[in-house]
Each structure stands twice: as C-alpha cells, then as structure tokens.
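Below: the structure, in structure tokens.
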Amino acid sequence: MATPDSCSVSQLAQLFGANTTDPTGAATFICNQFSNVNYAIDSTYLLFSAYLVFSMQLGFAMLCAGSVRAKNTMNIMLTNVLDAAAGGLFYYLFGFAFAFGAPSNAFIGKHFFGLKDVPDASFDYSNFLYQWAFAIAAAGITSGSIAERTQFVAYLIYSSFLTGFVYPVVSHWFWSPDGWASPARKSDLLFGSGVFDFAGSGVVHMVGGIAGFYGALIEGPRIGRFDQSGRAIALRGHSASLVVLGTFLLWFGWYGFNPGSFNKISTIYVSGSYYGQWSAVGRTAVTTTLAGCTAALTTLFGKRILSGHWNVTDVCNGLLGGFAAITGGCSIVDPWAAVICGFVAALVLIGFNKLAEKMKYDDPLEAAQLHGGCGAWGIIFTALFAREKYVAEVYRGESGRPHGLFMGGGARLLAAHLVQILVIIAWVSATMGPLFYVLHKLKLLRISAEDEMAGMDMTRHGGFAYAYDEDDESGKHGTQMRRIEPSLSS
C-alpha cells in the first residue's frame, strides 16, 4: 500500500482508459517525475533555510560587537568571521562525517569525510550546508562567553575543535538514525522514545553554552568586573543599537533554524487533505515566535522590578533565551505551551544571571546562562508538553510513542531527556574543559593585563574599529601596536 506522501503506480494506472497501451509504464513515468519535483521542492526549502541560519552569523556579530566595549569591537567581529571560516573547513573535513556518516556505530559517524560519496540517497549537498550553519552557531555561542580577554590563537583552536569533533559527536547521538539516543533509530529506542531535540536546545545551545562556561570560568572575569569586596560592576557594551539590530537578525534567522529543521516541506500527513508538513512548519514558526515574545515581556517586567530600569539589552537576551528554550520542542508542542516555555525561560535566565554574579563568573554576553540554562529548560519543557499527535507526525513510528508527561504520555520521555542533559554536560566537560585548561597552562588563553586594559583592537589588530576624526592616527591614543608572541612557558 502506498504511503501518504508517495505516488502509487498501481492506483494511478487504474485511472487510464482502455485505449492506453501501457498504463503501468505511463503511471511509473508520472510518479518518477512527481518524485523529482518533490526532491527539488524539499532541497530548495532546505537551502533557503540554510541561508536563513547562516544569516544568524551576522546577528551574532552585531550582538557581540554591541555587547563589548568599543576598544574590543574589531577583535570580536574578527572572531565571528573565523568561527564561520574555520568551522566551514573543519566541518567539511571531519564534522559532517562524525555527525551523519552512515552506516556507523551508535557513538560516532565514520563516512562522508570531505563529503566523499555525497550526494547519496540519504544526504545531498544542501544537508551539509544546513548542518554546517548549525555547527558554527554553536561555536559563535562560545565566543561570546570569552569575549574581551582571549588570545586570538585560542579562538582558532577551540572553534576548530568544537565544530570538527565535539559538536558533531553530540549531533550524531541525537540526530543521526544510528545515534544511541536518536528518535529515528529502527530499534532499541532510549526509554522507548529516544530524545526529541528537534532543532537543538541541547545539541546546539547547551553544547555552545557549556563550552563557553568552561572557557570563561578558567579564564576568570574581566579586569574591573568585580571590585575588591566582590561586588559586581557593570561593564556595559558600547552600542545598544547593535545589540537590538543583532537580536532582530537572530530572530529572523531562527525561522530557518526551527522550521527548517524539518529538512523537507512536501510531506503529506493525510492523503487528499490540506494538512501536511507545511502546516507543521507554520506551527513551528508560531511556537518559536510566541516563546520569544513571552520571554521578552517577562524579562522586561522582571528586570524592572529587580533593578528599577527598562533595560533593552536585558529584553533582547530574554527574547533569545525564549528562542533557545523552544528550539528543542518547537515542532511538537501547542502554541499555548510555547507561552509557558518562554515565561519560564525568562525566569531561568534571570536566576542564572544572579547566580553568576554570586559566583563572580563573568560572561559578557550571558551566553552560558542563556544558551546553557535556557537550553536545558527547553529539553525538560519538551518532555512535559510534547503532544502525542505531533510526535506521531514529526517522528514517524509506531503509535503510542511516549510523549509529554503533562499531556498524558508518562515519564519515559522525561527520563530520556534528563539523560540527554547529563550526557551533554559530561561530554562537553570532558572535552572542552581540558582544552581550555591546557590553553591556560600554556599561556595561550588569556591576554596580558596591559593589553586588556588598552583594548585588543589597538594592541592586536592595528587600531580602533571606529575612526573618531579624519586625522585619527593610532599614535594619538597613547598605545602603540606591538607584535605579540604566544608564550609557551608553564
């Protein structure tokens, strides 16, 4: 029997009249052409989604630039460029193979190195481009946590390692059909369900956030972030305008990040009906929007109560926290549930920021708190509110699959998602933690106090990002550019 989204040769052949010489051959030809059209539509949809996700790099760059002080603008912009460039090369050589190279084992992929044997029946070039955009997003998250005090060589090393190995292994576990916790496994599903991390609250946001946490923790806070008594001192970014513009670009790109994770749009759920995957794509965009909007408003009033100010930067971070949280379950929850997701995400972000201050932990973009904390909440949220009907449509399989605890689906999905949180923390801790520690011991991680006070734009990149007058010269600012050689002493 034909599946709902296939063309049935036998059924189509019956529609030809008695004068048709070869009805089966004609029906086969038509079905083949129909399949080609579907492939073209789905590939175009995925490519467009990849372009949207890649546009988030511009959003990251603007958000990071606005969140740091003017003297470090050129440095943070360059690191965002290198996240994409180094990530592109290493994901091409190794990352895509480790993530999706099939057939493989449950831990790591082992085919498609350098895109060898691509395209095949499972993957086309559009799949690589889309997944690369995700990989560099994880690296971009980490760069925000260690901004304003990190050596350039450290950025290159961590970005290559994260996109070429650490992130791909995690995405293999949860997104590859061979992964041990993937919901697409043909058998031995984790707790009978696998993990429903649709667009990566854990795979992307937790990985990037936890990696950033270790980098910032090992480096220590920026000079002046805490006074001698331990009281937090705000080191405000130099441009709220860039923060807002970057946030809007990220919002725009998230419509490729979440709805695009279907990978295809032409799938039919009910034959002959208006309802298909295109409807699920639209619902995913709606849940994404509502979670972000709710988180923004909750942060606005929450911070007003706590600080007495209407702070646009806090609202932007709250909005992004809502997006990070809904990313995992955006396709399998109702719009009303997305409102709950965004509301709690804002509270999680505010709470983690308070905890960071007490710990004297310094993250210029709140990246670890936002992506790590809100990403973890998003994983739990999905396990509580995933709707059975949507789970059956998005993760095709046997009926009665575990779904949200609060939706009558039992606790098995929650157990699987708690496992996801624990293994991501363990994996990133075991890989990125030692990497940053080794860089620290080799004195390749943090810049000198002198350079940090002067600003890396002048001491490392040849001048300030902004020219304040037509006759501006580097010498007028009292700090000369000098060559910096990495120290290998212990």
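Glycine is treated like the rest: Cβ placed from N, Cα and C.
Per TrEMBL, the features are as follows:
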{"type": "DOMAIN", "residues": "45-466", "note": "domain 'Ammonium transporter AmtB-like'"}
{"type": "REGION", "residues": "471-490", "note": "region 'Disordered'"}
{"type": "TRANSMEM", "residues": "45-68", "note": "transmembrane segment"}
{"type": "TRANSMEM", "residues": "89-108", "note": "transmembrane segment"}
{"type": "TRANSMEM", "residues": "128-146", "note": "transmembrane segment"}
{"type": "TRANSMEM", "residues": "153-175", "note": "transmembrane segment"}
{"type": "TRANSMEM", "residues": "195-218", "note": "transmembrane segment"}
{"type": "TRANSMEM", "residues": "239-257", "note": "transmembrane segment"}
{"type": "TRANSMEM", "residues": "336-356", "note": "transmembrane segment"}
{"type": "TRANSMEM", "residues": "368-386", "note": "transmembrane segment"}
{"type": "TRANSMEM", "residues": "414-439", "note": "transmembrane segment"}
Check your understanding: Taking a Cβ cut-off under 8 Å, which residues six or more beyond the ends of the transmembrane segment (89-108) line up next to it in the same chain?
Key -> 114-115, 122-123, 127-128, 131-132, 135-136, 160, 163-165, 167-169, 171-173, 175-180
Review point. In terms of Cβ proximity under 8 Å, which residues at least six beyond the ends of the transmembrane segment (368-386) contact it?
Key: 141, 145, 195-198, 201-202, 204-206, 208-210, 212-213, 216, 317, 320-322, 324-329, 332-334, 337, 340-341, 344-345, 348-349, 351-353, 356, 361, 403-407, 409, 413-414, 416-418, 420-421
Study note, to complete from the structure: The average per-residue pLDDT within the domain 'Ammonium transporter AmtB-like' (45-466) comes out at 94
